[in-house]
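Before I ask anything, here is the structure I am working with.
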Amino acid sequence: MNSNTKIIFVTGGVVSSLGKGVTAASLATLLESRGLNVTMMKLDPYINVDPGTMSPLQHGEVFVTEDGAETDLDLGHYERFIRNKMTQANNFTTGKVYQSVLRRERKGDYLGATIQVIPHITDEIKRRICSGIADDVDVVIVEIGGTVGDIESQPFLEAIRQLRIELGRNRTLFVHLTLLPYIKVAGEIKTKPTQHSVKELRGIGIQADVLVCRCEKKFDDSEKRKIALFTNVDQDCIFTAEDVDTIYEVPLKYNQQGFDAKLVELLNLNAKEADLSEWQNVVNTIIDVKGEVTIAMVGKYVSLTEAYKSLNEALYNAGYKKGVKVKIKFVDSEDVNENNVESYFKDVAAILVPGGFGSRGIEGKIISIKYARENQIPFLGICLGMQLAVIEYARNILGIKDAHSSELEPTTANPVIGLITEWQAEDGTVHQRTHSSDLGGTMRLGGYKCVLKQGSRAREIYQADEVVERHRHRYEVNSNYVERLEEAGLIFSGRSEDNKLMELIEIPQHKWFIACQAHPEFTSTPRYGHKLFESYIQAAIENSNN
């Protein structure tokens, strides 16, 4: 971090899920549109080292960065909103902070000192914030996870309070997102929760510079004056976060209120006028869609759609590029069997089986894949979805009825999917993996090059000889079965650079049947979409028209 870099801290109050991530990403978009180099950070107060082993039903999606970090789903928002890519340095947790401090204590780096939250934990938080910012960055927006008042967030709030003192007011800014409940019966907007939230923040030693008030309807100047009076925040530093049809409208709404101009003024930034023409085009494309196409997503985390956040967005983005609204029909794979499978898919244009872990709901996914293959329904499999497509093909085309994955059935005699026995850690060291190895941080993670087969549909879609996609898996196609599968008509249209790992499969006789070991959804953005998803949606549109 250079001596001119500015830091905007975004906190949240009253309740969770107000949209801190979208607000932070929207501010980054606005500042980027003014010619500034902007990056972002997410600080998570949970004690897990990373979200890699957390249930998607509790935490939502685990977003994987290009350099192989398992991170919070908000980093997906960041990458979809701004051009800079996130890395391991852009997300850290309480667990990671404590892990670093305790390792240093064991090494004797603290020279016998008593290790305490202040100064040792707060110093490590400050170090990670400052060291994670490249020298060419003009502004970094740091989102503090959790809600003000939570005991877990206190070390982070104390650390940023100290940073304000150390860096000065001209280099730091506190933006606080809060809730203004609208009581329909009374027809009133209530400001009391916001007053108490700011009071709670002040009790920690932080005075908000800017307030963003989430409300389902616009509030007028009288409410602004009241909020300003009781929070010590200037009236012209209070902004509305109103509900919109698409989250990609949020930057435009903030710009209309002069939010970015106020940030430039408060931080004394040398910035040009905002050029939001490209972003306006993105929003216009979303708003102008005419048709609709329905995709069935067959998974086991469907009770929380946030578990598939990037995948949902990738499908929506592809639909916008093709001029249709994508409607996702979430199907719980545990409910699917041979007797009812048709009832789930009779009204859909395509089927998708996403990634996942564990044996629950596996047979329902395999039955769904078989239905798509036999009925010429466009199919896309991702990660586990590709592995199950290989298992289904081995069972029903090769006749290997007990074909399985050693992850799901360790004693299977025909493990067409097996464990990758060698993996590379974050520090670049190579380790050997067994079925009893730790689960956390021991996967094939991050961007890897995939070489595409000449003449394949994948090569035609990507219009390239090789691509880089992000991975998150421990298991791969067993190379001992590849030749037999190819002889039976399955094409391995993408392989790792060393030709050892199978990355893409397709069935040439099928209308559109592709599955990939990687997670291409992590690189889809509303600006650029993603070629694989666009081809898939096009196939779904054509199938729907027929």
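Just so you know, glycine gets a Cβ as well, placed from its N, Cα and C.
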Taking Swiss-Prot at its word that Ser16, Asp150, Ile151, Glu152, Lys190, Thr191, Lys192, Pro193, Thr194, Gln195 bind CTP, choose the one of Lys42, Lys107, Lys224, Lys226 listed for that site.
Lys226
In Swiss-Prot, the ATP site includes Ser17, Leu18, Gly19, Lys20, Gly21, Val22. Which of Asp74, Asp109, Asp123, Asp135 does it also list there?
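Candidate in the recorded ATP site: Asp74.
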Which one, Arg470, Arg472, Arg474, Arg484, is listed by Swiss-Prot in the same L-glutamine site as Gly356, Leu384, Gly385, Met386, Gln387, Glu407?
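When Swiss-Prot describes the L-glutamine site, the candidate it includes is Arg474.
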By CA-CA distance, flag whichever of Ser16, Gln195, Lys226 among the binding-site residues is nearest to Gln387 (L-glutamine binding site).
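That would be Ser16, the closest of Ser16, Gln195, Lys226 to Gln387 (L-glutamine binding site).
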Restricting to the region 'Amidoligase domain' (1-269), what is the model's mean pLDDT?
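When the pLDDT values over the region 'Amidoligase domain' (1-269) are averaged, the result is 94.
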Taking Cα atoms as reference points, which of the recorded positions Thr194, Leu384, His519 is nearest to Asp74 (Mg(2+) binding site)?
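Minimum Cα distance from Asp74 (Mg(2+) binding site) across Thr194, Leu384, His519 lands on His519.
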Taking each of Ser16, Lys226, Gly356, His519 in turn, which of these recorded positions have a Cα lying within 10 angstroms of the Cα of Cys383 (active site, nucleophile)?
Gly356, His519
Nearest to Ile151 (CTP binding site) in three-dimensional space, by Cα, is which of the binding-site residues Lys192, Gly356, Gly385, Arg474?
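Spatially nearest to Ile151 (CTP binding site) by Cα position is Lys192.
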For the recorded L-glutamine site, whose residues are Gly356, Leu384, Gly385, Met386, Gln387, Glu407, Arg474, find every other residue on that chain with a C-beta no more than 8 angstroms from the centre of their C-beta atoms, and list them by sequence position.
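After dropping the recorded site residues, what remains is Gly355, Phe357, Cys383, Leu388, Ser405, Ile417, His473, Tyr475.
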May I ask for the distance between Glu521 (active site) and Lys226 (UTP binding site), taken between their Cα atoms and rounded to an integer number of Å?
44
Rounded to a whole angstrom, what is the largest C-alpha distance between any two of the residues Gly356, Leu384, Gly385, Met386, Gln387, Glu407, Arg474 that the record assigns to L-glutamine?
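Taking every pair among Gly356, Leu384, Gly385, Met386, Gln387, Glu407, Arg474, the longest Cα gap is 14 Å.
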